[in-house]
Ligand SMILES: NC(=O)C1=CN([C@@H]2O[C@H](COP(=O)(O)OP(=O)(O)OC[C@H]3O[C@@H](n4cnc5c(N)ncnc54)[C@H](OP(=O)(O)O)[C@@H]3O)[C@@H](O)[C@H]2O)[C@@H](O)CC1
Ligand SMILES: [K+]
């Protein structure tokens with residue numbers, strides 16, 4: 001079920017890095033609100049609750065569990081889980097990586113409690129794979145270096161459907177979703193307080209299975225430097241009193257004859273998302289072709305930079321999109337004109353408008369402003385930002401590993417504008433470091449969105465929202481979220497043309513969900529008992 005159907009309408013969920021989570025835990029403990037041992041007990045209990053839900057056969061008895069504990073507090077959670085499952089009548093075996101001497105204090109205390117009911121066995125070379133459940137409590141937030149084969153070997157032959165991971169599957173970096181050395185793959189990953197970027201980025205989803213985020217009674221929030229997008233961040237439903245010009249005018253620049261399809265998709269996207277007017281800027285030779293294929297979109301002739309400047313004398317044109325099917329030569333001559341108006345005009349640069357500047361990205365960056373959005377896929381990103389891309393491609397030597405958030409942030413700072421780095425884990429970064437992740441993962445997985453022209457529509461969605469007055473970051477994050485919702489709405493077999501056409505159904509659901517919330521609050525208001 002897509003999240004808009006849930007009616008929850010929460011716009012975004014904070015994603016905490018391991019260090020941010022540690023700071024919240026430490027602050028709570030320092031304030032005296034809770035002790036480390038209490039947090040560990042709650043964490044263990046949360047995992048047991050998830051196990052009871054996911055493995056209902058536990059309640060029927062004769063349930064055999066293997067718990068693998070590491071040398072830190074993740075292992076400490078493992079001792080709690082072992083004890084609680086034993087108390088529920090399970091047959092529990094526990095193995096510890098390393099020696100009990102040297103465990104952190106809270107983990108040590110829980111190790112001692114476990115010893116009153118069971119043995120702590122030395123690390124096995126392999127396991128028989130016959131238990132009903134395996135608990136991976138080896139490493140979590142403290143993963144500091146690549147994991148050796150010896151660590152993951154016991155779980156090597158165990159099917160992921162029988163593994164529950166505590167906080168993260170061992171070997172997965174929670175900040176980046178990257179594997180350090182080797183990593184466990186689990187059916188369920190239970191994390192605490194707030195999800196982490198690594199549950200959504202890179203390899204995270206392939207290793208986590210399903211993510212359950214459980215409260216352990218902490219109240220603190222992090223610095224909100226990264227969020228997962230759960231709903232539109234900017235208004236997408238139109239108010240009743242708008243006029244077409246109050247919804248802006250987007251101009252999409254097209255390539256020449258035979259290459260106008262991409263820009264037409266972009267324009268359609270901008271129109272569907274609610275720009276008041278959308279015009280395609282087309283070279284003379286392609287005018288007939290575009291006129292024959294486009295309805296609802298206006299046409300204007302733009303042969304070169306001079307004609308483009310002339311068209312831009314119309315101040316009502318407040319958002320531009322250049323790149324889809326534009327051709328690199330045309331991009332090189334038109335992009336500087338598009339950026340001349342500075343922050344007065346929103347500018348979305350995609351595809352050819354990015355590749356055209358691969359040899360001289362600094363010339364492009366010098367002209368960009370906070371009203372711009374760059375929408376590179378991985379290859380375009382590497383051409384414009386070779387240094388961060390190269391660092392990201394290197395095998396991580398220590399944890400936490402460099403993440404897609406880190407490189408998108410670096411790119412946004414360098415470019416001085418919003419950067420949307422495409423992928424199933426699309427990252428949108430603002431120059432001040434704020435990031436949003438639009439995760440097409442887990443229940444929002446849409447492999448059929450990898451289709452020609454889908455990116456052109458996304459650029460149109462962004463330009464359309466910016467024409468309507470949205471800020472660059474909010475427009476990009478919202479467009480990315482809606483793009484995935486459209487793909488979910490349509491389902492397999494989707495082609496790019498279907499994306500704009502799926503938008504009305506998505507918007508209708510948002511409208512209905514908003515209506516439900518309004519109706520809900522009205523009901524609450526009127527629920528005072530009658531006198
Ligand atoms: N704080 C709290 O109150 C709460 C915390 N909670 C739980 O604690 C977890 C975080 O605990 P943590 O910080 O102790 O880290 P953890 O993941 O156990 O690993 C650290 C140990 O592993 C070692 N090590 C690392 N990588 C390695 C490698 N590749 N190969 C070999 N060794 C390696 C590392 O060694 P070192 O780097 O120090 O040399 C160190 O000994 C968190 O995920 C959550 O489950 C919950 O109970 C809620 C309350
Ligand atoms: K773990």
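Note: Cβ is positioned from N, Cα and C throughout, glycine not excepted.
Those TrEMBL annotations? Automatic predictions, nothing curated.
Remember, it's a predicted structure, so these values are computed and weren't measured experimentally.
136 is the only one of 106, 136, 203 that TrEMBL places in the K(+) site (with 74, 170).
Take the AMP site that TrEMBL assigns to 422, 423, 424, 425, 426: the candidate from 399, 433, 453, 455 listed for it is 455. For the AMP site, the Cβ centre of 422, 423, 424, 425, 426, 455 serves as reference, and the other residues of the chain with Cβ at most 8 Å from it are 377, 421, 427, 438, 440, 480.
Summary of the K(+) site environment: with the site residues 74, 136, 170 set aside, the chain residues having Cβ atoms within 8 Å of the Cβ mean position are 68, 70, 78, 137, 138, 139, 140, 165, 166, 167, 168, 169, 184. The least crowded of the binding-site residues 136, 167, 425, judged by other CB atoms within 10 A of its own CB, is 425.
Listed in sequence order, the residues of the same chain lying 6 or more apart from residue 377 ((6S)-NADPHX binding site) and placing their CB within less than 8 Å of its CB are 421, 422, 423, 455. Calculated from their C-alpha atoms, the gap between residue 76 ((6S)-NADPHX binding site) and residue 424 (AMP binding site) amounts to 34 Å.
Proximity of the binding-site residues (74, 136, 170, 377, 425, 455) to ligand 2: a Cβ under 6 Å from the molecule is found for 74, 136, 170. Less than 8 angstroms from the CB of residue 74 (K(+) binding site) sit 137, 138, 139, 140, 141, 142, 166, 167, each of them six or more residues away in the same chain. Under the three-state DSSP scheme, residue 136 (K(+) binding site) falls in the strand class.
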